[in-house]
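Feature annotation from TrEMBL assigns active site, nucleophile to C271. As annotated by TrEMBL, S-adenosyl-L-methionine binding site applies to C144, A145, A146, P147, G148, G149, K150, D167, D198, D216. The domain 'SAM-dependent MTase RsmB/NOP-type' annotation in TrEMBL covers 47-343.
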Amino acid sequence: AATAPRIPPTRLALHHFDTNYSLQLKGLWPSVRAGLLCEQKYGALLNSFAAVDHVTQELEVLGATDFVSEASREGAAAEMSPLPRASVSSNIKCYTFPRGDIARFRPARPDALGLLDYYLMDAASLLPVLALNVQPSDLVLDLCAAPGGKTLALLQTGVCGHLAANDVSISRTKRLHQILHSYVPKEIRETVSVTSHDGRDWEQLEGSTFHKVLVDVPCTTDRHSVTEEDNNIFHKRRTKERQMLPMLQLQLLMAGILATRPGGKVVYSTCSLSPLQNEHVIERAVEIAETQFDISIHVEDLSHFRTLFQDTFSFFSDCRLGELVLPHLTANFGPMYFCKLSR
């Protein structure tokens, strides 16, 4: 008997998204869909550990600007009280080209000591790190740290008392080690402990320890799913794994909450548009924390991020909890969902 033609996972992903996201995003979906299918836009996260003065000048000559300090400046100028000034960590510098400018950054280069000058990443990936708002001497946990962009950004704040970077995948942890070696001097690397535990078990290792926890969970990686055949979660053999994602995400978020000391903060993030992986996970975690652990969790309002960063990113205005960056042809970052919880 003839076998049914193999449908590529990218096609399956797009069909799945067309069915679900058109209901969620309604009239916005065609524009978001076009963004997902087109080339992603990057930001250049400046490496403060390298000699980068000339790099700053080079990027500015090309027309790129540091979106973090631009937002801080505009926020201060508008005196947008009750916005806490500390909500944007000004030590992080990330250069982006303006809306509608699709220029590309050159590859990173080493300085005289061999440290690379910047790290190219989706600039929206910095928003969860900015939302975490690390303060001097904070003990910080990055629960699902590989491949390492957010870990590097956490170190660029320059204020982590200690950073625990964990990822269940040993091969991905190797990539994390490579990034730390390429960007971070030895004396700073020694303040980072890299581990390969199952993040779901973290509370048994170090419960109620950290001031700040980042839980950047595995997800359907929507952009990757519609553009890359390799390692695609929509591959037929990974159906069960995909269906179990919200449960895994919930378990990881619960572990993150339990790893946080009372008064500490957790930021949950995904690179998916799916409410099942975003708001629903937050709601269930808040409920379980309350009923099973007698922990009262407050979901923080991050709507000021929308105002601060509206020139750089396109935000979804109807997100029930947290914030969601939507891909858009003139600002093709994301998707990136992030939500801040305080214990």
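Every residue gets a Cβ built from N, Cα and C, even glycine.
Neighbour count (other Cβ atoms within 10 Å of the Cβ, all protein chains): 13 for D198 (S-adenosyl-L-methionine binding site). In the structure as shown, the Cβ atom of the residue listed as 'active site, nucleophile' sits within 10 Å of 23 other Cβ atoms. G148 (S-adenosyl-L-methionine binding site) and the residue listed as 'active site, nucleophile' have their C-alpha atoms 15 Å apart, to the nearest angstrom. With C144, A145, A146, P147, G148, G149, K150, D167, D198, D216 listed as the residues that bind S-adenosyl-L-methionine, the site has a largest C-alpha separation of 20 Å. The distance from the Cα of C271 (active site, nucleophile) to the Cα of K150 (S-adenosyl-L-methionine binding site) comes to 13 Å. G148 (S-adenosyl-L-methionine binding site) is surrounded by 25 other CB atoms, counting those within 10 A of its CB over all protein chains shown. A C-beta separation below 8 Å, combined with a sequence spacing of at least six in one chain, links A146 (S-adenosyl-L-methionine binding site) to D167, S169, R172, T173, R175, L176. Over all protein chains present, the Cβ of K150 (S-adenosyl-L-methionine binding site) has 24 other Cβ atoms lying within 10 Å.
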